[in-house]
Amino acid sequence: MDIEKMTTTMQEALGSAQQIAQVRHHQVIEVPHLWRIFVQPNSFGANFYKDLGIDLDDYTNLIEKEIDKINSVEGSNITYGQNLSPDLFQIFTEADKIAQKMGDEYLSTEIILLALFELKQNPLTSYLVSHGLTKAKAQAAIEKLRGGDKVTSQNAEETYKALEKYGVDLVAQVKSGKQDPVIGRDEEIRDVIRVLSRKTKNNPVLIGEPGVGKTAIVEGLAQRIVRKDVPENLKDKTIFSLDMGALIAGAKYRGEFEERLKAVLNEVKKSDGQIILFIDELHTIVGAGKTEGSMDAGNLLKPMLARGELHLIGATTLDEYRKYMETDKALERRFQKVLVTEPTVEDTISILRGLKERFEIHHGVTIHDNALVAAATLSNRYITDRFLPDKAIDLVDEASATIRVEMNSLPTELDQANRRLMQLEIEEAALKKERDDASKKRLEIIRGEIAELREENNQLKAQWEAEKKEVGNISEKRNELEHARHELEEAQNEGNLEKAAALRYGKIPEIEKELKAIEEKAKSDDLSLVQESVTEEQITEVVGRMTGIPITKLVEGEREKLLHLPETLHQRVVGQDEAVEAVSDAIIRARAGIQDPNRPLGSFLFLGPTGVGKTELAKALAENLFDSEEHMVRIDMSEYMEKHSVSRLVGAPPGYVGYDEGGQLTEAVRRNPYTIILLDEIEKAHPDVFNILLQVLDDGRLTDSKGVLVDFKNTVLIMTSNVGSQYLLDNVGENGEISEETTENVMSQLRAHFKPEFLNRIDDTILFKPLALEDIKNIIVKMTSQLSHRLEEMDVQLELSEEVKVWIAENAYEPAYGARPLKRYLTKVIENPLAKLIIGGKIPPKSKVIVTLVENKIDFDIQTIAE
């Protein structure tokens, strides 16, 4: 017996049998040791016996009992499991003879299984024979398994039933009702049928963007084959989806992958055109299994494709087809392209209506038609980096899953009642230990409350259970209806007209009637604790969660917040009414849903001197909309003064450092599509920057360096500039009004600095007025209030007299510099002296500091606050 002349699987089995013998302290390897390895789950031997009708659990128990009967030998110099027992040796001898007779080069597992029948007195043989498995039956099964092939490699077992092992029968899946219906796509399915019917080049490859339904087209073809809705040449054919991952996985030795693939191709070849092979992600065959000195899958397929021995359908994306398939011209020309375009919103709604029932059965929910329409329209508008129908199906699935999770969770009312009950029970336990009258009185009150709450709790729980049961009944009935419809389809395909008639005119209408009655009852009962409907509202919530864009219906609090947005912004930005109104209107338009869907929410150019609130307004808007001023994309345009730095906005071009990192502007918006973009000091940027912004301002789109389209339609663009600020400073009226002449001077300077095509695309150019003395006083109040808040944390109160505020305003006011000198002056005359007093221990906690003006100087009066 030469172990080198055994297949790899057989060698591994013998090694494992030896380990069992060593662990059990058995001197030799017996027949049950080896057979214990053969019947392990999913092994070759287990599948062989299972296919021949042997009860594996029963047979495994017998093998275990036989192993237990073998005597263990103990001792110091004894070697375990080094030799074969006479019975096992006889099996190998017989197997050698059978292998030679069959012309095999290696001894494989199935020959050993066959040789067992030579041990007629062995309990394992007796069991097989008594259960109807004879040597002749086993031999016939082996011949069928091999299909006339001889064992010429050490991986022979890997190549048996290769298609079953490395592929999925799509036609069988359709027959068993495991596939979702395919709606529409008739034209593409007809194209595939036409290509498959050709004499040469009869291998279609479906090319389209990810998520447009390429795989679904092949599933649709499988469904047509089952319904016999195909030409004669395709009737009774089978489509096998090849799993390239399973084919490559575990191929340890050189040539093993090629052997597996050749075995698959041989099975397809032997079927004489009855099997159509489907490879999803077709580009993976280029280079698959390629190691030094071996061929890749693409080269193995070429000869069969050229001779027309293989019917193959492929599916891949446009990018991957270009990258992998078009580089191998010999492989590419053997395929016929079928382009799969993205369906329209109307087609997507039809697809969703076809899938609706499947989702309802899976999740146990009711999906309203308005939810399907919303899923198609909202995904098309807001989820721009993916394709229909995939993204719309995802929304429906996600919304249904959300409702399903809520249905199984405790309702809010019941949860609150439980928490309150627990709280009272804890209080009751604590009061039981007290002996005073007040505690006893309180205990009585609590016990009364607990009794009431328990009653309420039990009622709510009973109501919840009843509602859940009602929803469960609907779900069960839907499942029953689905099963009956599948039975009807099977009966029609098999030509069993009697059964089909009984189902169509008897069972199905009866179930439909029962289902309608249950649904009507649920509607009239008005389920208040269990929400089982998926409506437009749930879809908008999912879209909002996925994109960060608020498109849900406005709740009352949010309406108030939006309507009072100008007043809220004025609390931070003093003066500048026109700017605040313009920005607020853009946001209100967006949330009302009436803005142009093909442009950004708003684009503004803020002009004015330094320190008047241009950047502050953008920050205030971000804080109001997103509760944090960090939630805005701020780009300081002074960093983009050189021509080469422009590429940082959209990403470095291929071949340059930083190509993989993406652009500062495009990446920020891609991650958070609903945002405020602040382009600060825009006049400092290189003129080429404005060329990039033209598409953003006009169409709300920008393509980054990788060719990915970034959507700017849900952003507010704010650009700030100091162009023409000198005119505003010199010529502003006494009441802060800007004259027409000044406006014209500023605009002419603006036109001289920026190109007309850039200025023409901006929604509004807003001139910020220089701050008047009254505005400065308001800003002082705001700044000192911020300082007061900081001091309150140290338990110190701050109070400024009115004359101090006026004095600071008059001394710090510089029209040319706006509010910024005010901050510096406040630090100098208030914050610095205060800091020294605190460090010196002059201002202890629980103090009040009153700031007054004494002889034109700031004076600090420190008082202790009475307890």
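Heads up, the Cβ atoms here are built off N, Cα and C, so glycines get one too.
Keep in mind that what you see is a predicted model, and the values were worked out from it rather than measured.
Listed in Swiss-Prot for this protein:
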- GLY208, GLU209, PRO210, GLY211, VAL212, GLY213, LYS214, THR215: ATP 1 binding site (BINDING)
- GLY608, PRO609, THR610, GLY611, VAL612, GLY613, LYS614, THR615: ATP 2 binding site (BINDING)
- 393-527: coiled coil (COILED)
- 6-70: region 'Repeat 1' (REGION)
- 558-770: region 'NBD2' (REGION)
For the binding-site residues GLY208, PRO210, GLY211, GLY608, PRO609, the one whose C-beta sees the most other C-beta atoms within 10 angstroms: GLY608
For THR215 (ATP 1 binding site), the one of PRO609, VAL612, GLY613, LYS614 that lies nearest, given that the binding-site residues are compared by Cα: LYS614
In three-state DSSP terms, the structure that GLU209 (ATP 1 binding site) belongs to: coil
Of the binding-site residues listed as PRO609, THR610, GLY611, VAL612, LYS614, the one whose CA lies nearest the CA of GLY213 (ATP 1 binding site): LYS614
From binding-site residues GLY208, GLU209, VAL212, the one whose Cα lies nearest GLY608 (ATP 2 binding site): GLU209
PLDDT averaged over every residue in the coiled coil (393-527): 75
Alpha-carbon spacing, GLY211 (ATP 1 binding site) to THR615 (ATP 2 binding site), which is rounded to whole Å: 42
Number of Cβ atoms other than its own within 10 Å, given for LYS214 (ATP 1 binding site): 25
DSSP-derived helix, strand and coil totals, residue by residue, for the region 'Repeat 1' (6-70): 46 helix, 3 strand, 16 coil
Spatial neighbour of PRO210 (ATP 1 binding site) that is closest, considering only the binding-site residues PRO609, THR610, THR615 and their CA atoms: THR615
Intrachain C-beta neighbours of LYS614 (ATP 2 binding site), sequence separation six or more, cut-off 8 angstroms: ALA579, PHE606, GLY608, THR720, PHE768
Integer Å distance between the CA atoms belonging to GLY208 (ATP 1 binding site) and GLY611 (ATP 2 binding site): 53
Chain-mates of GLY208, GLU209, PRO210, GLY211, VAL212, GLY213, LYS214, THR215 with C-beta within 8 Å of site centroid, ATP 1: ALA315, THR317, VAL340, GLU342, PHE387, ASP390
GLY213, GLY611, GLY613 as binding-site residues, winner by CB count within 10 A: GLY213
Spatial neighbours, same chain, of THR615 (ATP 2 binding site) - Cβ under 8 Å, 6+ residues apart: LEU678, ASP680, THR720
Nearest-integer angstrom distance between the alpha carbons (Cα) of PRO609 (ATP 2 binding site) and LYS214 (ATP 1 binding site): 58
Cβ-based isolation winner (fewest other Cβ atoms within 10 Å) among the binding-site residues GLU209, VAL212, VAL612: GLU209
Surrounding CB atoms that lie within 10 Å of the CB of THR610 (ATP 2 binding site), all protein chains: 16
